[in-house]
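Features as listed in TrEMBL:
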- 40-264: domain 'MacB-like periplasmic core' (DOMAIN)
- 295-417: domain 'ABC3 transporter permease C-terminal' (DOMAIN)
- 35-61: transmembrane segment (TRANSMEM)
- 291-317: transmembrane segment (TRANSMEM)
- 345-369: transmembrane segment (TRANSMEM)
- 389-411: transmembrane segment (TRANSMEM)
Amino acid sequence: MNNQDNTTSGSKLRGLSFSFRIARRYLFSKKSHNAINIISGISAGGVAVGTMALVCVLSVFNGFDSLISNMFSAFDPDLKITLTHGKTFDVNSVEFNQLRKDKSVAYFTEVIEENALLRFKNKQMPATVKGVGNDFEKMTRIDSIMYDGNFILYDGAFQRAVPGVGVAGILGLGAHFIDPLYIFAPKRTSKINLLRPENSFNQIGTFVSGIFTVKQSVYDDHYVLVSIDVARDLFEYQKSTVSAVELKLAKGVDSDVFQAKIRKQLGKDYQVKNRYEQQESFFKIMKIEKWITYLILCFILLIASFNIIGSLSMLIIDKKADIETLRNLGADNELIKRIFLFEGWMISGVGALIGIGFGSILCLLQEYFGFLKLGTGYIVDAYPVVTNVMDMLLVFVTVLIMGFLAAYYPVRYIRIKERLSE
């Protein structure tokens, strides 16, 4: 019984190998320069162009994703701890004291973040005041995103503030202006004074030492940085009260593993977010845009694959004599169908490899020379690109699946016997 099974399996493999060799000869024969081979070449070319477009577009989306991630990483910490429900918590607990001493944590920064009113001369606007500890400069790359001045929150004599470039533009601020920037916040521990409303607010005057730009409006147009002592005085919080704890991990520490460890340690009352999760909605929108574009280009690629149907149909008509010879030699319908199915697959495969090759070359040229420009007023001068091996594999598999579908139709539904009798 086993010998019979082995014989059957061997016959199938030989049949597949024979079908593949015949299909390869039809596609790559040096003596064939007729219209059908030209149409097959055009079909492969159409698949190649569609594949190249897919590779380039996905690489551009990867480039923008990487660019924006790098921008956010200059301001966002590796991990951010906040309450699941509520605004503030006490940082002098056993769990957080253990976290301070953990060797995996390079910097542990306390944060107070609240809304307030800014006023400079006769201009005013609401903003988010973020009070940070002394390690904030070491924890982030804030120095690399300073638009003007320096990152200084206290110079030994005066309290300093560092607003975003959008905030500075609205209020007309500049680094080292001699006029103070006033910050107002409602008093939490007293009632509103209707006779003298100004007494219902805490007020602190600071001087601008610098202006930062993340080149993202969520920070540039809404945030101003101050020392955590200023924030605690302004919002009337105790010394151990924070709204968030931000962590920079030591070199070599796996962020995902350490994040899972802290989540288990702190429990469900706290949220521990990595850089992606801190801007989750933004990156989700980018991913949705990427995959919608991918589906649109796949549809265009599917239309280009319809050429394979016509090419195979004409090839079946052209090879009537070869098909009759194969039948006389004992070939059944399945073997003949496999020949033309392999032919369609090879047209798709060749087109996919050519498209991925040329797409990768274009992406490398764009990465090093930036010949496709974005124009003025953008974050970067040229389209950013990042090639991804998994994207390449996805594109290749997508093209092969479409090639299979395009090849299966004429092979499955065109009856070869009827064509031979015409």
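Here the Cβ of each residue, glycine as well, is placed from N, Cα and C on the backbone.
The model shown is predicted, which means the values in this text are computed figures rather than measured ones.
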Chain residues outside the transmembrane segment (35-61) and at least six past its termini with a C-beta under 8 angstroms from it: 27, 29, 286, 289-290, 293-294, 297-298, 300-301, 304-305, 307-308, 310-311, 314-315, 318, 343, 347-348, 350-352, 354-356, 358-360, 362-363, 383-388, 391-392, 395-396, 398-399, 403
Whole-number mean of pLDDT values that fall within the domain 'MacB-like periplasmic core' (40-264): 91
Residue numbers, six or more beyond the limits of the transmembrane segment (345-369), whose CB comes under 8 Å of its CB atoms: 23-24, 27, 40, 43-56, 59, 305, 308, 311, 382-383, 385-387, 392, 395-396, 399-400, 402-404, 406-407
